[in-house]
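Peer 1: Sharing the features that TrEMBL gives for it:
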DOMAIN    A:71-262  domain 'ABC transmembrane type-1'
TRANSMEM  A:12-36  transmembrane segment
TRANSMEM  A:75-97  transmembrane segment
TRANSMEM  A:109-130  transmembrane segment
TRANSMEM  A:142-162  transmembrane segment
TRANSMEM  A:237-261  transmembrane segment
Amino acid sequence: MAERSIARPNYAAGVLAGIWLVIVAMPVVWMISWAVQRRSEYLANGPLALPRNVTFGNVQAVIAAGFTKYMVNSAIVTVASIVLTLVLALPAAYAIVRSREWLAGTVFRMFLLGLAIPAQATIIPVYWILTRLGLYDTLTGIVLPTVAFGLPLVILILAGSLRDVSGELYEAMTVDGAGPLRAFFRLTLPLSRGAITTVAIFSGLNAWNGFIFPLILTQSPEKRVATLGLWDFQQEYGVDVPMLMTAVLLSALPVLFLYLFARRWLVAGLAGVGGK
Amino acid sequence: MTTPAHISRRSLLGLAGLGAGALTLGTAGCGSGGQGASNAAAGIDVWCLKDDVQNKIQQAAIDRFNATAKAKAKITAYDNDPYKQKLRIAMGSPQQPDVFFNWGGGSIRQYVQNDLLADLTPMLNGDPAFKAKFIPSVLDAGKIGDKYYGIPNRGMQPVIMFYSQQALDKAKVSAPPATWSELLSQVDRFKAAGITPFALAGSQAWTLLMWLEYLVDRIGGPAVFGGIAAGDRNGWRDPAITQALNAIIDLVKRGGFDSNFASVNYDGDVGAGTLFAQGKAAMHLMGSWEYTAQLDQHPAFVKDALRSAAFPAFEGGKGDAKAVVGNPTNYFSVTKRSRNVDSAKEFLKAMASDAYVDDWIANGDVPAITGLESKIAQSKDAQFGSFVYKMVQDASSFQLSWDQAIENKYAQPMLTNLQKVFLGQLDAKGFVDAMVALP
Amino acid sequence: MTTQTTGFQGGAPPSALSGQRRGPAPAAPGRASRPGSAYVLPATLFFLAFAVVPVIGVFVLSFTSWQGLGDPTFIGLDNWRRLVSDPGVLAATGTTFLLTALSWATQTPLAIAVGVWAAGRQRNRAVLSTIYFLPLLLSSGAIAIAWRAIVDPNFGIAKYLGPFIGFPDGNIIGNPKSALYVIVFVLIWQFVPFHSLIYQAAARNIPAMLYDAATIDGATRWHAFWFVTLPQLKNTIITSSTIMIVGSLTYFETILLLTQGGPGDATVTLPYLMYQGAFNNYEMGFAATVAAVIVVLGTLVSLLIVRFSGFGRMRSTLEGL
């Protein structure tokens, strides 16, 4: 009898799940519905009307307005952030787990503390430093602080995963005559591919979605990233809700592909995003 | 024996190399930073507000200039709010524009104080014919101290009481209000006819400021804010300010604006301008750019219904009913660090050409240039153009928008507090106290 | 063959730390070669330069007057004096705490409920979960822009939905009383999916054995949730709450894009006040003072939560992601 009480369908939960579904899904439905109609149709029929003549003309308009360039900039920032993050964090996590020197331990504690730093609050000095380095209005200028503030969580995740590589394997490699560097490439890296993918996706999403650093640290349209491009469109085409929604949806396209084809890794990477 | 260590050092150098590679990413394209000899290849970076209509004219001027000049000019454009911010941040960095659009007054004062702008006085005094082209009061409004830092190369932008003739007809109102009490009685008539008396893009506080600017000017004259702009914070205690704020509170209470005005945007046509054009609102107190914007987005409305009037007089007020507030014009200034200061100045001169002025007139704008009466009278927007030209020439004063004139750090609190007055969160005394108490 | 214990060899100047272990140590059985400090140096230096130095810079700038042009000048404690006397700061602090409390109190139960529900292996739940996580695909900028269109009182959904929830003129975002709740709602929409994701993963890791035992003891569904699921989720709740609270204390993109602090100053939080002070009013020194408060608050809150609930456990939870 008691058993049935847990196994029986949970109607209350079902109803609540349905309500939540409406709350989550309706805005997405509206966005899509607005994106596939003409501006005149949207203005005439109001936001609730379903599109009568589905059009993809807004995509062309968005591309013509230069949004692809912004997407490319975002992609450059994203790839550069991932590469730089991995290049910096992997050796560090390796040493934090394997090294017996005091520095490694101290550094780990520093990064743990660093988890708590709110990146947004440091924008003024970051701006000051980057202008002095001549990196104002460059994509590099976006990459540097983005990577720096992502490092603590990345190193934490990597270190956690690297710990799972057993000491015996390292000993076996040492017996075979391998130094720490060879062990790093032959043993550590191959065995932590899962964690590496996770942090790569995390850093990538972080960079792709970044707003405040690009907002303050870049100015010219040639250096504009997609998130800023959206804001720019809002100011300029606040007029054109269909076009704006098209741009919003386009900016989510790369993440959507990840979601469709690498869901497991995306979810793992997303779980890391909240840390910042 | 030491091989592993060698590898490890080399690989670290490799990592450093990668890092350095990343560092150079994107720096190649950076603008015209740095001082030094004139460098035609660096070009002239011209910053201005994003405006599809106006920037076509700007671009045409640039194309004419580039046809002969060695240093080529190009436009970088931003929307209103981001523009001021981007400009400020860029001026604090080495990557400054060469020529930039501004509002004169407070918008460039700190740049002058930090010695960032080129003094244009010699250029004007050295070429009297060039100097004589501009309406003197407008040219002088671009002065900081006794030097010129800006050339008034744009249209004049007084704030105008736009009204829809159709809406007036519908509510059986014969003419736009000539006095404040007339305005109040019209509010009731428009409401009775189911029309919002005034469109207001209240989510952007600068649209609210226009009401305060005109009311204070009508009640106490231009000197009231003049003192505040000059740095006297006790100037806010002037009774004209309190009276103007109370008039605003009264107007809001009477339903002069839509109850949801604070949600309404200005940018784009999903905003106050569209409500006005669609006949949902009878009047719209806005800068003269509203005319060109409506011409672009709702040409039929401009033809059939859009008319302009001066802000009404205030009974018992000391101010002149012909005085004007707004942006006397926009100015173009040249940065000192520009690698092409001379070419940039040449560009400013080229922009005062007849072709450029004609383009503005054809667009429905009124440049700050003397002797344009006949040209404007022959233009396709003759009615509106002549109205603006006469309005400015007859004006006893042309006060710069307060948020541009006042010191930067007071602009935002002023706008926020005024928004609170409109929302009923602050009374006149609360506003005055808050403004006087600012650090 | 030898084992290198540090990376600083082969011509590198002997440092104090490598001094103790001068010379190659013989390879002993049971001892593996270990990487040296050189491996952590690039990440450390990078982090120092672009994260730690800016944090210090926030505090240094808080003692200066700087308008963004030229160089900062020291003015002692003026900014801090102004900070404690400025009514705007007080109001923004209140708004920040209110926003944080509301965000936490709404998002946590919702995220637990959705996460635990989605953790069920039923097929329909898997399909619905896919939709539940849709907001995760959008950046916060994109989300705010979409919502701006939704809450427009004349051309958006607010016009039609407003009358049903007490806003006959659709003036939800323009009303000082309700604007903050719009922000809270958008944040729920944006962040609950993410937190449910964490709870879903954690709920799936609860051993089925525990539920079997509860069932044998005659527990109802509610009992099982209350006495098995929730205690098992404790570490996840701590992690998720820390992220939520620190996030709400420091986050301002949605406010910037949706309300710009308005109407009036109804949605001005400390981070937005910092942004406004720095990049609208150009009082960089005073803005840095506000930023310093945010840094201290954010760090303090997360350290407190972690201390209070056991540092190691949070670490292991995070590492387990």
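Quick reminder: no glycine exception, Cβ is built from N, Cα and C everywhere.
Please treat TrEMBL annotations as automatic predictions, because they have not gone through curation.
Structural setting of the listed features?
Peer 2: Long-range contacts of the transmembrane segment (A:12-36) within the same chain, counting only residues at least 6 positions beyond its ends with a Cβ under 8 Å from a Cβ of the stretch, are 42, 47, 50-51, 54-56, 58, 241-242, 245-246, 248-249.
Sequence-remote contacts of a segment are chain residues at least 6 beyond its ends whose Cβ falls under 8 Å from one of its Cβ atoms, and for the transmembrane segment (A:75-97) they are 104-105, 107-108, 139-140, 142-143, 146-147, 150-151, 154-155, 158-159, 162-163, 165, 184, 188-189, 196, 199-200, 203-204, 206-208, 210, 214, 225, 254.
Through the fold, the transmembrane segment (A:109-130) approaches residues 136, 141, 144-145, 149, 151-153, 155-156, 212-213, 216-217, 275-276 of its own chain, all at least 6 residues removed from its boundaries and within a Cβ separation under 8 Å.
Panel annotation: around the transmembrane segment (A:142-162), residues 77, 80-81, 84-85, 88-90, 92-94, 96-98, 108, 111-112, 114-115, 117, 119, 122, 126, 130, 135, 188, 192, 194-196, 198-199, 202-203, 206-207, 210, 213-214, 217-218, 225, 272, 275-276 of the same chain, lying at least six beyond its termini, place a Cβ under 8 Å from a Cβ of the stretch.
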